[in-house]
Structures are given as structure tokens and as C-alpha cells.
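Chemist: Take this structure first; my questions come after.
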């Protein structure tokens with residue numbers, strides 16, 4: 001029994017050993033199959049990953065979609081902010097440039113170089129507006145450039161429409177001796193001015209009177225009395241309703257038109273004053289006729305600067321900017337001045353030529369000048385059958401002729417529009433201040449001269 005038990009134990013052990021060996025083979029076989037399967041999976045893995053990625057892209061979750069849209073929205077916001085910042089920078093540059101231009105304009109150091117861009121107009125493009133019976137003596141252009149007011153030796157004022165050339169309104173002149181009952185002038189009108197906001201129109205005549213009108217309705221508002229001789233020059237200070245007036249009584253008066261009040265009188269000229277102009281500073285410039293002086297009146301300081309340069313009577317004056325001005329006289333010369341020098345910085349003698357017999361030639365009188373503010377363009381008029389345009393050199397040194405526009409008669413007044421798109425000339429058969437000559441073939445009226453440019457203007461800051 002004992003031997004049998006021992007044999008059975010041994011047989012069970014052997015059986016377990018065989019069984020364990022058999023299990024080991026099966027296990028190894030199964031492991032080989034799994035390794036083989038894994039290697040096959042690894043070989044096909046890249047394609048599967050690509051397919052899975054494509055499936056992920058196509059089948060994005062709601063959370064992923066929200067994230068993607070949020071990123072797109074943020075990108076759009078960033079682009080809009082960049083554009084806005086660029087626009088604001090551009091606008092800031094514009095504002096800075098405008099402010100710099102305003103400062104330079106106040107200092108009298110702004111000069112726009114546009115003379116080289118001007119094209120001489122075709123004579124057929126020049127329009128003539130007729131309505132005055134006698135010589136036109138003065139004119140003004142409204143700030144919006146839609147209307148022109150002209151005055152004449154026939155004592156009348158006419159309001160014209162620029163675009164159509166139509167006569168909008170006429171303030172008729174009265175006869176001498178009817179001053180008490182006539183609303184308007186009864187003597188030759190020598191000068192006019194309009195405020196920079198277009199609210200008031202002022203006119204001065206040989207009867208020592210200044211009349212204030214409403215430019216819109218052409219209704220008479222009131223009279224300003226005080227001068228003891230003919231009123232020869234008027235100008236509103238820009239941006240205000242302060243009026244400066246000059247007279248043959250050799251004085252300048254300051255008025256507050258809003259209050260219909262006299263302010264003060266300035267004395268200094270030794271002969272009758274023939275012209276006056278001012279811009280935005282509290283000062284004005286005057287031409288002193290046969291005392292041969294140009295004066296700058298500093299009203300606030302109650303002082304004046306005196307300039308000499310012409311050889312004859314100075315008959316007209318116009319400011320180019322706050323620091324420079326141009327004058328013309330019966331010596332036939334045109335001069336450009338700066339307030340920093342007592343003599344002209346440039347002069348053109350016999351600017352319009354001369355006339356008369358050989359050996360007895362006399363220069364054509366310069367009867368009017370005009371300047372396009374803060375630019376290098378100046379115009380002058382005489383009775384040599386042409387209006388001459390000039391180019392100021394850089395720094396306002398030197399005058400060069402640009403072109404002339406044929407025009408028969410005495411050019412008694414010249415005015416540029418604020419934009420420089422046109423020039424208006426007031427022409428008559430006689431000189432503004434007298435009757436030394438009479439050109440019968442001349443036609444009393446206004447000539448509108450278009451000024452075309454080749455390209456955009458260029459600015460130079462001095």
C-alpha cells in the first residue's frame with residue numbers, strides 16, 4: 001500500500017509536470033499570436049491615425065466648435081482694432097498738420113507753393129458781368145464764394161451770383177442832395193468789406209459815410225459817421241466784427257459793428273490814405289498815398305511801424321499773410337514787404353510797362369493789387385489792357401511774371417476767392433480815385449477769371 005501510494009504521488013507529479021510543460025507551450029503560442037497582431041497593428045497605425053484625425057476634424061465636439069469660433073471672433077476684433085488705430089493715427093496726423101498750419105499762419109510763415117501749377121486761362125473762359133453805369137471802384141467776395149458785391153461811381157451796389165452770373169439784388173444810388181430821404185449812397189463808393197462770417201457788409205463813400213448792410217437781404221442796418229473826408233479803405237478783422245476804416249482825412253478809425261459804436265482813432269499819415277487791409281491780428285496796414293509810406297498799426301500797443309520804398313504815391317495795398325504785404329503805386333512799381341524790414345524785400349519797376357512819346361515815357365500806374373492769402377500768388381492791375389499774375393519767390397523774395405489776362409480799362413479792384421479757384425477784377429473807364437484819363441472802349445463791369453491748376457498744391461513751411 002505504501003509502495004502504491006508512493007507510485008501514485010510520483011505519477012501525479014509527473015502528470016503535473018507534463019501538464020505544466022503543455023501549458024507553457026500554449027501560453028507561448030498565444031503570446032506569439034498577440035505580438036504578431038501588435039506588429040500588424042503598428043504597421044497600419046499611421047493611416048489609422050490620419051483617419052482618426054480626419055474623423056476628429058469632421059466630427060468636432062460642441063466645446064471645440066465654441067473654442068474655434070471664439071478664436072475667430074478674437075482675430076476679427078484684433079483686425080478691427082488695428083484698423084481703428086491706423087485711422088486714429090491718420091486723423092491725429094491730419095489734426096496735427098492743421099494745427100501746425102494754423103500756428104504758421106499766425107506767425108506769417110506759411111507759404112503754399114501753387115504758382116507753378118497754375119494754367120493761364122483761355123480768354124473765352126473769362127466772364128464779364130455788366131450792370132453798373134459808371135466805373136466799378138471796389139468789390140468783395142462772400143466767404144462761401146457764392147456771391148460777389150460790387151460798387152461803382154454811380155453810387156450803386158450790386159449783388160451777383162458767381163455760378164450763373166445773375167444779378168441777385170441792386171442797391172440803387174441816389175442823387176446828390178437826397179441824403180435825408182434816400183437809403184443808400186449818394187456819392188462815389190470807394191471801398192467795401194465783408195465780415196469773415198458773412199454777417200455784415202460795409203461800404204464807404206466820398207460823402208464821409210460808412211454804411212452797414214445785411215449781405216443776405218441787402219437791407220440797410222445803420223450808418224457810421226466820424227470821418228471828415230472821403231472813406232477810402234475798409235477791412236474787418238478776421239473772426240470778429242471789428243471794422244477798421246481809412247480816410248482822406250489821414251486818420252484810421254476803429255469801430256465795433258455789433259454795438260454800432262466808435263472805438264478809437266489813429267493818426268500818423270501825412271497825406272490822404274489810399275488803402276487799408278487786415279487779417280486776424282489786432283493790427284492793420286495802410287498805404288499813405290503821397291507821403292510815400294506804408295504803416296503797420298499795432299492797435300493794442302498803440303504804436304505804428306513806418307516803411308519807405310516807393311518813389312511816388314502808394315495807391316493800393318494787400319496783405320499776403322500776417323507778416324508780408326504787397327503794394328502798388330503811380331510810379332509803376334510793385335513791392336513786397338515784410339514787417340521785419342523798413343525797405344521792400346523785392347520790387348518790380350514798371351511792372352505794367354510804360355507809355356508816352358520817346359523820351360517822355362511814363363510808367364502805367366498800378367491801380368490795384370491782390371494776393372491769395374498764405375500762397376505765392378500775387379496779381380496786379382493797371383490800364384495797360386492786362387491783369388498780371390506774379391509768383392513770389394521762396395520766402396517772399398523776388399517777383400516773377402506768370403501770365404497776363406487781357407482786359408481793357410482801368411482795373412480798379414482785384415480779389416481772389418478764398419479757395420483760389422477764381423480771381424475777380426473790377427474794371428471801369430476811369431481810375432478809382434479821379435478822372436485823369438478815360439478809356440472809351442472799356443466796359444464797366446466785373447471780370448471773373450478762372451484759375452485752374454495742373455495738380456494738387458504743395459506746401460512749404462518756412
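Note that Cβ sites are derived from N, Cα and C of the backbone, with glycine treated the same way.
Just so you know, TrEMBL annotations never went through curation; they're auto-generated.
In case it helps, TrEMBL gives these features for our protein:
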type	residues	note
REGION	11-63	region 'Disordered'
COMPBIAS	13-22	compositional bias 'Basic and acidic residues'
COMPBIAS	34-43	compositional bias 'Acidic residues'
REPEAT	129-170	repeat 'WD'
REPEAT	182-214	repeat 'WD'
REPEAT	224-265	repeat 'WD'
REPEAT	266-307	repeat 'WD'
REPEAT	307-347	repeat 'WD'
Chemist: Before we move on, state whether the repeat 'WD' (224-265) and the repeat 'WD' (182-214) share at least 3 Cβ pairs under 8 Å, counting only pairs 6 or more apart in sequence.
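Modeler: The answer is yes, given that the two segments have at least 3 Cβ pairs within the 8 Å cut-off.
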Chemist: By DSSP, what is the split of the repeat 'WD' (224-265) into helix, strand and coil residues?
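Modeler: Across the repeat 'WD' (224-265), the residues distribute as 0 helix, 24 strand, 18 coil.
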Chemist: Within the repeat 'WD' (307-347), what mean pLDDT does the predicted structure show?
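Modeler: Residues in the repeat 'WD' (307-347) carry a mean pLDDT of 93 in this prediction.
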Chemist: Quick check on the repeat 'WD' (129-170): DSSP residue counts for helix, strand, coil, in that order please.
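Modeler: Helix/strand/coil tally for the repeat 'WD' (129-170): 0 helix, 22 strand, 20 coil.
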Chemist: With DSSP as the reference, give the number of residues of the repeat 'WD' (266-307) in helix, strand and coil.
Modeler: 0 helix, 22 strand, 20 coil
Chemist: Just to be sure I understand, if DSSP states are collapsed into helix, strand and coil, how many residues of the repeat 'WD' (182-214) fall in each?
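Modeler: Its residues fall into 0 helix, 15 strand, 18 coil.
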